[in-house]
Amino acid sequence: MKIVLFWHRRDLRTHDNAGLAAALQSGYPVLTLFIYDREILDLLPSRQDARVTFIYDQVERLGRETAAAGGTFLAFYGRPLEVFGQLLSQHEVAAIYTNEDYEPYAAERDGAVAVLAHERGAEFKAFKDQVIFAKNELLGKSGKPARTFGSYRKAWLEKAQDEHFQPYPSADLLTAGHLQALPNAPARPSLADMGFARYEQFVPAAELPAEDLVRNYHETRNRPGLVNSSTRRSVHLRFGTLSVRELMRQARELNPKLLAELVWRDYFMMLLWHYPGTATESFDVRLRQVPYRNNEDEFAAWCAGQTGYPLVDAGMRELNATGYLPNRARIATAGFLVKHLLIDWRWGDRYFADHLLDYDMSQNVGNWQWMAGTGVVAAPWFRVYSPQSQLETYDPDLAYVKQWVPEYGTAAYPAPIVDHKFARQRAIDTLRAAYRAAG
Ligand SMILES: Cc1cc2nc3c(=O)[nH]c(=O)nc-3n(C[C@H](O)[C@H](O)[C@H](O)COP(=O)(O)OP(=O)(O)OC[C@H]3O[C@@H](n4cnc5c(N)ncnc54)[C@H](O)[C@@H]3O)c2cc1C
């Protein structure tokens, strides 16, 4: 009897899941699975990783939900091509269903799995699930991605209709009649089986944020010292434990500013798909040869939150302690690294990649290149935020600084690592010279 395989990746939920709903409507019994991809896990700097712990908990939850519905949820620790090689030998597979993933590695991996599936007589079907518009669905008039967020957002808002936000009926379809149960299914690997130790960090519930928070979002989002200043749903969007359609429905109803931020997410994901090379290289060719200073001691001080600039230090300490950083603090820390210290944006991108629970290549690269002035869309290269003015504007009562830099204002707190005026001029001169040299 033929079956369909459904492969979960960045969509660790059974409700409102586009690809899962399609698989459950395929007419074949569905065997659902997750692969702990060694190509990714083996590169992690630590065996105590909050993201791996989070994923593990979600996979186990999916396992329980699927069992309760009468099916089997498989999990493997391995390389996707090898895992599918085995599954295609063990079962008569009509098709592999999954949801699209737009990162360069994922595109390559999925291409290889699709080839393997076709060789074995199975189809490979990927569905759009984690954004509203993907790939070539929303291009500028030139047929290329819009080069300003303003024009992208305008086109996005014009094109988006109620139907784009409708939930998929995957949860209702998750029944014994649609699922495949395997009597002798292999046990799912534990964290220890994969060489990882449990490491938990705070994650809010995978549910919609409170209505009040969303209504006030535009007033609170830039105030890192306030409790509940933003939704903190980024980790759930990253792993698909919350449906982006659901969050967007709420934002459309209650707060256009929140919707606009979610549109940024769509935009950066589309940009990375079109320009995969920007994951490691500046999009602006004129800024590929910037003589960054890349001073290792200064980088270490930035990482440790010891720059002598309290907003920057509070941000880095929060990141190190919790794996999270509010957007305003990401702007302050990133801007300081690339402009004041003139350190290559890729160093900061890497550090965030290793520490953020919500790390998402498209969002991280897009935002870092924005801050560095090197991106497809970018802040003007001569914009150098003053960390002191940022502090006065966004943390006027020092609530955020007091929380993360308790020694601020005492002799124990370091002097500024560099003078703001001097660093600002140095950044502008260096970037201007790089532009001129590039012609
Ligand atoms: C240097 C830098 C690096 C970043 N790296 C990441 C990253 O790796 N992963 C990530 O998810 N976000 C990243 N962001 C974007 C943003 O800071 C986070 O999404 C946000 O702080 C997460 O908190 P929240 O869920 O409370 O956001 P909210 O303010 O509540 O926003 C709701 C959602 O909108 C989206 N959003 C908000 N701001 C942005 C933005 N500037 N760009 C794109 N989408 C946005 C996110 O999906 C977010 O969860 C980065 C920003 C900067 C400046």
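Cβ from N, Cα, C; glycine included.
The FAD binding site feature in TrEMBL is assigned to TYR217, 230-234, 261-268, 358-360. If you draw a 10 Å sphere around the CB of TRP264 (FAD binding site), it holds 17 other CB atoms from the protein chains shown.
The average pLDDT computed for the domain 'Photolyase/cryptochrome alpha/beta' (2-132) is 98. Annotation comment: TrEMBL describes 2-132 as domain 'Photolyase/cryptochrome alpha/beta'.
Neighbour counts of Cβ atoms within 10 Å were compared across the binding-site residues TYR217, TYR267, TYR359; the minimum falls on TYR359. Candidate binding-site residues: TYR217, TYR267, TYR359. Those with a Cβ under 6 Å from ligand 1, in sequence order, are TYR359.
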